[in-house]
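Peer 1: Once you've had a glance at the structure underneath, I'll fire off some questions.
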Ligand SMILES: Cc1ncc(COP(=O)(O)O)c(C=O)c1O
């Protein structure tokens, strides 16, 4: 008799095509099939428990199956599940917009909803482009992005993406963007200052010579996520913002990964008191429950679209599920919990706890660097610590380490040779301790063949 697991695994193999997954490899492995979640644990159909060590791809805040969030959805479901925002409004979408404006960096007064980080980025790009057009400024049509940037997988978002493995194959169908270096500083004396200078010099040079053809700069503020959890040195973001302002180029902050407390402030921009012209949020907006994203804009951007209909300045963009009431209701409930439980305020103490717990890992022979901002960590594995020689990609050291972590009871997904640790903000110290232990054990098992007690 086939078990439920075998039945589901067979259908999964026959009919599902998974994102960012080489299906040939995947189909040769035993699939993990999640059935339920509770707190920061996920349980598979075979009854095994796992810590959600990457917040289900960086979005979970309060844990899974949270009564308050479930209730918000149930309550809204009893009213209406979906109604459009095209030319009409709904209650939770209005209330959420007010709350978002209340917590966003100052000046971001308008909220345009969508349903994923990528669509939020598309909207920001199109808004920035049309902003100049509507103002009668011609020629400001290009974008500046940063090396190894990731902003999602739709064509516009990929056009401002700069990760060769993901993006190069599509290059012929993309619009070209200017790429400046993200300030990547391997920990050595003076590294941070050099990296900061390289970024700012590149931006300054570009703006001094080409600002009249550039609509906006898009940046992952304070931490570059998919590029390998790269942390910006202090002062970089604020200086970039000042340069954009000086040269009349819009600043788009992509807070999809960093938003809602992840870096220790509500938004990473807050860490440097930066107010972008456009800000994209997603992932944690609903506590990681439902697909809602938003692009926030200043009055100045909004006003460039506000005109008599005949002037044809309307922003002709929208998605069927824009402002979905269920999603907005759970987002409101998530924001309420964030406030009531002082979750954002609690991040720095948890981050220090994790830093302390992982401190000894820095000395392991194959740990090149531990990068951290708040509860966003990347542990880079290297073949040779002294020379920083990387592991060859065919060795799939990150994948093997993550699989070992899974065997030991924690889920995560690597970025190449970087092990990602992005736990739900609700994780307790005991849970963080247990996850840190699994991280250390799996890294040591795979890179050294030993074990940490
Ligand atoms: C900075 C950033 N922007 C955009 C996205 C895309 O978001 P989504 O996967 O919801 O489309 C991501 C996803 O990881 C991200 O990290």
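Even glycines carry a Cβ here, placed using N, Cα and C.
These numbers come from a predicted model, not from an experiment.
What TrEMBL records for this protein is below:
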- 117, 118, 254, 319, 320: pyridoxal 5'-phosphate binding site (BINDING)
- 150, 283, 318, 413: substrate binding site (BINDING)
- 283: N6-(pyridoxal phosphate)lysine (MOD_RES)
Peer 1: Three states by DSSP: which one describes residue 318 (substrate binding site)?
Peer 2: coil
Peer 1: What is the one among the binding-site residues 283, 413 whose Cβ has the most other Cβ atoms less than or equal to 10 Å away?
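Peer 2: Comparing the binding-site residues 283, 413, the most crowded Cβ belongs to 283.
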Peer 1: What's the longest C-alpha separation between any two of 117, 118, 254, 319, 320, the listed pyridoxal 5'-phosphate-binding residues, in angstrom?
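Peer 2: In whole numbers, the farthest two Cα atoms are 23 Å apart.
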Peer 1: Which residues in the same chain, at least 6 apart in sequence, have a Cβ under 8 Å from the Cβ of residue 117 (pyridoxal 5'-phosphate binding site)?
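Peer 2: In sequence order, the residues whose Cβ lies under 8 Å from that of residue 117 (pyridoxal 5'-phosphate binding site) (at least 6 apart) are 151, 152, 254, 256, 257, 280, 282, 283, 293.
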Peer 1: Considering all pairs of residues in 150, 283, 318, 413, annotated in the record as contacting substrate, what is the maximal C-alpha distance expressed in whole angstrom?
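Peer 2: Overall maximum Cα spacing for these binding residues reaches 32 Å.
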Peer 1: Considering only the binding-site residues 118, 319, 320, which residue has the minimal Cα-Cα separation from residue 150 (substrate binding site)?
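Peer 2: Smallest Cα separation from residue 150 (substrate binding site) among 118, 319, 320: 118.
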Peer 1: May I ask which residues of the same chain, at least 6 positions away in sequence, place their Cβ under 8 angstroms from the Cβ of residue 320 (pyridoxal 5'-phosphate binding site)?
Peer 2: 84
Peer 1: Considering only the binding-site residues 117, 118, 318, which possess a Cβ situated under 6 angstroms from at least one atom of ligand 1?
Peer 2: 117, 118
Peer 1: Per DSSP, residue 413 (substrate binding site) is which: helix, strand or coil?
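Peer 2: The three-state answer is coil.
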Peer 1: Using a 10 Å cut-off, grab the number of neighbouring Cβ atoms around the Cβ of residue 118 (pyridoxal 5'-phosphate binding site), all chains included.
Peer 2: 23
Peer 1: Whole-number answer please: how many Å between the C-alpha atoms of residue 318 (substrate binding site) and residue 118 (pyridoxal 5'-phosphate binding site)?
Peer 2: 13
Peer 1: For residue 254 (pyridoxal 5'-phosphate binding site), just count the other CB atoms lying within 10 A of its CB, please.
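Peer 2: Within a 10 Å radius of the Cβ of residue 254 (pyridoxal 5'-phosphate binding site) lie 32 other Cβ atoms.
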Peer 1: Could you tell me which three-state DSSP class residue 254 (pyridoxal 5'-phosphate binding site) falls into?
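Peer 2: The three-state answer is strand.
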Peer 1: Reported as an integer number of Å, what is the Cα distance between residue 413 (substrate binding site) and residue 319 (pyridoxal 5'-phosphate binding site)?
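Peer 2: With the alpha carbons as reference points, the distance is 30 Å.
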